[in-house]
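These notes are about the structure you will find just below.
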Amino acid sequence: MANDNLEDLKNGKRPAPSANAEMSEVDDLIQENAEKIRVGRDFQAVIPKLMVLPKNRRERLNKKALLVWSPTDNISEHKLNEYILLSKERYGYNSEQALGMLYWHHHDMEKALSDLSNFAPLPDDWSPDDKLTFESAFNSIGKNFLRIKQMMPDKPIASLVKYYYLWKNKRKKTSVIDRQAKKLANVRTNENQNGSREGSSSAESEPDEKKDPGEGSSKLICSVCGVLVTTLCTTSKGPMCGTCQSHFNRTNGGIRPTLGPPRPNNRHLNVARNKRLPPRGMYVNHDDLQSIATESNGQGDNILMAMDDEVVSLKCKIQSNKQDIGHVHKKLKLDVSEYRNSEPTTSRITSRWSNQEVMLAIQGMQRYGKNFEAISEALGTKNVSHLKTFYVHYRKRYKLDTILKKYDAEHNSIIELSDDEDEQVIRKDNSSSTITRQSTPSTLASGTRLISNISLNSKTHQTTAAAK
Amino acid sequence: MSITPFKKRVCYYYDSDIGNYYYGQGHPMKPHRIRMTHNLLLNYGLYRKMEIYRPHKATAEEMTKFHSDEYIRFLRSIRPDNMNDYNKQMQRFNVGEDCPVFDGLYEFCQLSAGGSVAAAVKLNKQSADICINWGGGLHHAKKSEASGFCYVNDIVLGILELLKYHQRVLYIDIDVHHGDGVEEAFYTTDRVMTVSFHKYGEYFPGTGDLRDIGAGKGKYYAVNIPLRDGMDDDSYESIFVPIITKVMETFQPSAVVLQCGADSLTGDRLGCFNLTVKGHGKCVEFVKRYGLPFLMVGGGGYTIRNVSRCWTYETAVALGAEIANELPYNDYFEYFGPDFKLHISPSNMTNTNATEYLEKIKNRLFENLRMLPHAPGVQVQAIPEDGVRNESEDEDNVNPDDRNPQSITDKRIAPDNEFSDSEDEGMAPGVGGGGRKDNRSYKTVTPARKQARLDSNRMEVDEPEFNILKDEKEDKSVSSDDSNKKDTVKS
Ligand SMILES: [Zn+2]
């Protein structure tokens with residue numbers, strides 16, 4: 001269907017002719033020539049008589065639909081997840097099939113587990129050839145599944161449609177990765193061109209590479225193609241993987257071209273080398289590469305499929321972590337309001353400064369910088385203008401500017417350093433509140449800051465004791 | 001105000017084949033959206049909280065409970081490869097253009113109808129509180145005519161099933177299009193009230209005038225709410241809530257069917273409203289709170305990523321489960337980029353529905369509803385189905401407040417109290433009483449905080465600047481909390 005056809009649909013196939021843009025009165029809304037509901041035997045449904053549900057009806061009704069899963073309270077969420085994961089990883093079930101098996105055994109986990117192997121779902125019946133055929137057919141024909149089917153007669157249209165929606169998805173995925181890789185390559189090329197010498201780009205990528213081999217202990221990196229290998233061969237041009245070394249020997253000292261057209265000189269070698277590096281944090285195992293290249297088709301597919309699975313499970317993890325974070329965030333925002341100090345602060349505010357207050361104010365500045373709102377809240381007995389006056393009057397005496405300077409220097413650096421998770425959250429929010437502070441201090445009443453307040457107070461509290 | 005803990009029994013109807021039907025290249029109706037919804041709610045962990053049914057394929061006999069024999073026979077025989085032999089009938093039954101002949105057309109209708117009929121049967125048996133069939137909701141189909149991408153009207157078939165054991169059934173339609181097929185089917189009966197909220201004026205299907213109120217015995221039993229472009233959440237709620245409240249009051253149905261067409265969402269390929277998933281879902285939530293046997297079906301929806309967002313959310317609403325805004329990873333994850341969130345934001349389109357306009361419509365409809373014979377409370381008990389209905393169940397589960405659920409208009413969307421055993425409970429904003437585990441840690445901190453303040457007023461400290469400027473701030477706090485607290489309290 002063409003686009004203007006779509007427009008037709010959008011505006012209504014059967015426009016009411018007398019539609020009027022100017023309709024101030026409700027009555028004007030009523031369009032005299034509009035479509036009408038038709039009345040007659042040909043249009044209305046025959047309404048059934050009201051009945052009383054007979055007792056024996058139950059059995060007959062049950063045949064209407066097949067129950068494939070029913071919830072149970074006897075299995076914990078955690079156990080259920082474990083079961084699903086196991087059936088997925090070991091036998092290739094999806095979670096729906098796994099639950100189906102469990103229900104089949106009346107929620108008996110033991111029985112279901114032992115039966116899993118007997119009904120392992122058939123692996124994807126789409127061979128790599130099928131996929132290729134589909135792709136080329138799709139590219140030449142488009143979304144006409146009837147015609148694609150003529151090219152792939154053994155596939156029912158349903159199967160084509162199903163594959164299409166998954167493939168469409170995947171295709172996008174690949175292109176995103178390609179784009180990212182391109183972007184990285186561009187960044188690196190630019191870095192190189194910006195005057196630094198040969199070494200700079202390899203130095204750039206080194207931190208990435210260093211981390212990983214530490215775990216795999218024996219994994220080493222080829223200096224030509226950059227893959228991870230278990231053994232390196234030393235040559236006059238540096239350590240190389242087996243493939244590069246054999247090329248080196250065969251060509252009497254030639255560097256194996258790893259990408260695209262041969263490069264004019266060594267200087268550009270590094271640039272090109274970086275281009276074919278996988279994205280940050282991703283490593284190509286040379287042995288895998290080799291088996292993909294040399295073994296039979298199936299072998300390579302298996303490796304790729306395993307990697308795909310890994311990607312998927314990592315993505316699952318990422319999303320579920322994000323959900324957890326969101327959950328915690330929400331909780332934080334909702335819950336903290338209950339613990340805000342509800343006592344009217346105005347009644348206790350005095351303009352006289354006790355030594356204790358002075359100390360708290362100074363500590364407050366250490367923690368919040370010039371966020372007088374926050375300090376005032378922590379103090380409880382001084383308002384913002386009191387604190388401002390305090391700052392103006394005592395900045396010399398208490399070296400307040402030194403404190404502020406320290407504060408500014410700290411709040412940027414601490415975030416990454418802290419190991420403790422809770423600590424980290426607080427600090428981060430601190431820093432973000434600082435940013436807001438500079439623009440609109442009055443809007444800053446966020447709950448997270450309050451938590452810092454609380455901990456500040458308990459600490460002050462300890463300090464006072466210590467001071468005593 | 002406490003309700004006995006009670007979980008809604010939700011049944012969900014889905015056939016894994018439904019996503020494989022394909023209307024044709026460029027056709028906006030994509031059954032795949034139902035599979036996307038399914039996969040999303042599966043990965044949200046909602047699947048395991050419901051009874052999952054694979055619907056049977058509705059038989060021709062079942063479908064002719066509403067449709068004409070000829071029409072169903074035609075649907076059963078037409079195929080893409082023989083459609084040239086059926087030119088005349090295709091014209092007669094309006095099949096071809098909007099409603100194309102595609103591979104598996106009849107089976108698709110069977111599954112869609114099978115789900116809604118089975119769901120209605122389930123509700124009749126009272127073995128479920130809420131039944132969901134996202135494959136249904138094809139509200140344009142007429143007795144002998146396909147229309148607006150709909151061939152077989154599963155809703156009418158479902159309602160007919162409900163009518164066997166329910167004196168009065170309420171049908172509500174929040175698709176952006178007028179629910180003309182259902183309205184027409186029940187235009188002359190007083191046992192079904194159809195209430196449709198839809199865009200009206202130069203818009204498909206052209207029916208749904210404010211003045212169309214039913215005919216014969218069915219006069220005043222069709223309620224049409226004609227709306228203009230750009231309806232947003234607030235406007236929608238401002239008309240939906242009072243109208244449904246009034247309808248419930250006067251009509252007193254014993255079962256409800258809600259068509260959840262998602263083409264009323266913002267950014268729909270064919271729609272022109274500006275609702276968010278939350279606003280759309282509020283309608284579900286509102287109807288749910290009446291605690292009546294409740295059938296939820298799908299319908300329109302042509303921006304499929306939003307359709308699946310919407311219906312997943314509404315499945316969660318039916319279950320009373322909270323789900324995270326971050327989407328779980330799923331088979332079609334990339335469709336939901338770039339944000340990968342559940343909820344969507346409204347666009348900046350103008351809402352051409354003025355408050356006064358909505359007010360006028362509302363008053364006009366109230367006048368109509370006043371014409372209904374007032375259904376007295378006695379009548380509800382007098383209807384035959386009460387003989388088999390489990391009365392105590394009704395008494396227990398329907399809180400007086402639920403019967404009149406204006407509270408939904410309050411800012412918070414409170415999960416029904418009956419789900420107090422749910423692990424998500426703590427998410428309800430500002431609700432007192434719910435024991436939220438994680439609060440405790442803050443609670444224990446609070447007294448200390450207040451104490452510190454009190455103490456700071458009383459205590460004298462000799463050399464503040466020495467104390468603070470010399471050391472870095474936190475070093476001192478190493479000493480244990482408790483001993484320090486004791487000290488300060490003593491002093
Ligand atoms: Zn629609």
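Every residue gets a Cβ built from N, Cα and C, even glycine.
The divalent metal cation site recorded in TrEMBL includes B:D175, B:H177, and the single candidate from B:D85, B:D263, B:D268 that the record places there is B:D263. Residues B:D98, B:Y302 are given by TrEMBL as substrate binders; from B:G45, B:G148, B:G158, that same site also lists B:G148. Averaged across the domain 'Histone deacetylase' (B:27-317), pLDDT for the predicted model comes to 96. Calculated from their C-alpha atoms, the gap between B:H177 (divalent metal cation binding site) and B:G148 (substrate binding site) amounts to 9 Å.
A Cα-Cα distance of 6 Å separates B:G148 (substrate binding site) from B:H140 (active site, proton acceptor).
B:G148 (substrate binding site) carries neither a helix nor a strand DSSP state and counts as coil. For the recorded positions B:D98, B:H140, B:Y302, a Cα to Cα distance of within 10 angstroms from B:D263 (divalent metal cation binding site) holds for B:Y302. Under the DSSP three-state reduction, B:Y302 (substrate binding site) is assigned to coil, being neither helix nor strand.
Residues B:D175, B:H177, B:D263 make up the record's divalent metal cation site, and a Cβ search at 8 Å around their centroid adds B:H139, B:V176, B:H198, B:G261, B:S264, B:L270, B:G271, B:G299, B:G300, B:G301 from the same chain. Candidate binding-site residues: B:D98, B:G148, B:D175, B:H177, B:Y302. Those with a Cβ under 6 Å from ligand 1, in sequence order, are B:D175, B:H177.
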